[in-house]
Amino acid sequence: MEQGRAEARPARALGAGREAAESGSAVETGSGAASLVESGLGEQWRRVRARLHAELGEATFNSWFKQIELVGVGDGRVMLAVPTRFIRNWLLSHYAERLSTLWSEEDPALSRIEVLVHTRAAEVAPVAAEPQAAPAPTLTPAAQIDGHAAPRHVAQAAPRFTAPQPTSASQIPNGFEDAGVGAPLDPRLTFDAFVVGKSNELAHAAARRVAEATDVTFNPLFLYGGVGLGKTHLMHAIAWEIRRRQPERKVLYLSAEKFMYQFVRALRFKDTMAFKQQFRTVDVLMIDDVQFISGKDSTQEEFFHTFNALIDHNRQVIISADRSPSDLEGIEERIRSRLGWGLAADIHPTDYELRLGILQAKAEEMASRNGPVTIPDGVLEFLAHRIVSNVRELEGALKRVVAYASLVGRPITLDMSQDVLRDLLRCNDRKITIEEIQRRVAEYYNVRLADMLSARRARAVARPRQVAMYLSKQLTTRSLPEIGRKFGGRDHTTVIHAVRKIDELRAADSGMDEDVDLLRRMLEGGNGAS
């Protein structure tokens, strides 16, 4: 090792490792080890590990801490080594503070933790009973923290599990699903926050039944529908409700992509037995977006056996996908057949009433969390009519409008909402034209189109004209001057007056409200296309 590098990062290391010296690692080896052992560092490390073991339990400790090696100390730092970057990132983001506290209690001078990575992760053995006899690891300079804080959020994947795992669901600790195996649950996605309508009532009722049942029911429960319609929301809601009602049951939720990733990792590290025990000993297994394993034969084979093992042992299985079991292309027939054994509940695209209900619920949630916010009913109705793709985009549109109003200090209005969402509205636009609106309104009110575009002011003509202007403002992205020009060359103030007048009439006259709503539905449904 070059003396300059040793001086740049002074440290005392355990063991006389030839590999460390050859690699140019930033850890001294050789005579420094004896002084560390004599000073009691090895005993301190054993006490820290013992306390972690007592606090975290057998499974979690074996998963994350058994493979850590104590490398050395220097400049108030404790240097530890682990086999992979993932384990390093996970430890720093979840346990760095606890490790620092335990070490500082052993030696107040040691208050910082630095975790490095072995270059040969698969070959390095866990820390030995006598730390001074452990081989010094080869460390990759790129993996060193260099004083920078570790990322707070790290994509979770399965670590290499080398310790024996539990063999029954009752032996798995409560934190099992969080120890790098399952995906985290969103606390906002509960049944209380789920808005029910005709398009999702079956899926919601089935999800409720499974979550509230004391025994397995609808096994498997298969939820399917397009992107952003609420499948993941229902999956999270089921998990939260089971945890609340039956906390002793072990619930594991994750995406099919993560299932595949962990299976591939288990094959790579020859840990397939641990993988099987992780997934086959839970009470409830929930896999989101199962279509992801389409065409992936090895993963499908493991999924098939995992599915069968759980069903055979009367464990609840809940699956979601973007299409029905019979329509899952690239999925083996035997899997598609089994996915249809229980109940398949579809979630249809939302209708206007459901979208409006979702927006109202979201507005109330935002007000309760961030303080009062005034959103005119007309804006919510406008969004419900125009953002028809999926719920995720619908809620995102509302958030964008509220955020813009808050940042620039402007009240929320229909005009402002249209300006802020212009790009989104174009994507959702069915390309309804002003000409189409004019034709449909003229037919509906039985007036001549030429009269509606003329200068005539008779009420029998003026009112349909105002309705057509109103719908043109609501259903197209045309500007007020553009709309006015399409109505016989009128200016934008005439359009503004028409929009305000129809808003007032809708509020005071249920007949007018029904007329406008019906016309809107006809246009959005394409019935007005010529």
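Along the chain as shown, the residues are counted starting at 1.
Cβ atoms are placed via backbone N, Cα and C, with glycine included.
Computed from a predicted structure; not experimentally measured.
What TrEMBL records for 1-10 is compositional bias 'Basic and acidic residues'.
The region 'Domain I, interacts with DnaA modulators' annotation in TrEMBL covers 1-136.
Per TrEMBL, compositional bias 'Low complexity' is recorded for 11-28.
Among the features that TrEMBL reports, domain 'AAA+ ATPase' is placed at 217-345. On the 0 to 100 pLDDT scale, the model's mean across the domain 'AAA+ ATPase' (217-345) is 91.
What TrEMBL lists as ATP binding site is G228, G230, K231, T232. DSSP assigns G230 (ATP binding site) to coil, not to a helix or a strand.
Positions annotated as region 'Domain IV, binds dsDNA' by TrEMBL: 406-530.
Residues or ranges marked as domain 'Chromosomal replication initiator DnaA C-terminal' by TrEMBL: 433-502. In the domain 'Chromosomal replication initiator DnaA C-terminal' (433-502), the DSSP tally of helix, strand and coil residues is 52 helix, 0 strand, 18 coil.
Compute the center of the Cβ atoms of G228, G230, K231, T232, which mark the site for ATP; besides them, the chain residues with Cβ within 8 Å of that center are G225, V227, L229, H233, L234, S320, I347, N390, V391, R392. Counted over every protein chain shown, other Cβ atoms within 10 Å are most numerous around G230 among the binding-site residues G228, G230, T232.
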